[in-house]
Ligand SMILES: [Zn+2]
């Protein structure tokens, strides 16, 4: 099973380009099992809908990716109210 970090990366990627079948399967499976990432994906879609600058384009450098993930982390933290699992530490 892929880790949450990889999952959020794929979520970001799929907003800009189509995932490969393998990536899509990995992501779908992870999101199915991981409540935190389910919420995260909702946030991603919402941010994308309102045109968040970080989400608008695929992160193409490490620095961009860092900021990108910070934005995602913010989104996750701000909607953590019913997240009772804490097994999403991937570091
Ligand atoms: Zn996850």
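Any Cβ shown, glycine's included, is placed from N, Cα and C.
Among the ranges 18-54, 55-91, the one that TrEMBL lists as region 'Disordered' is 55-91. Confidence in the domain 'Putative zinc-finger' (4-38), given as mean pLDDT, stands at 93.
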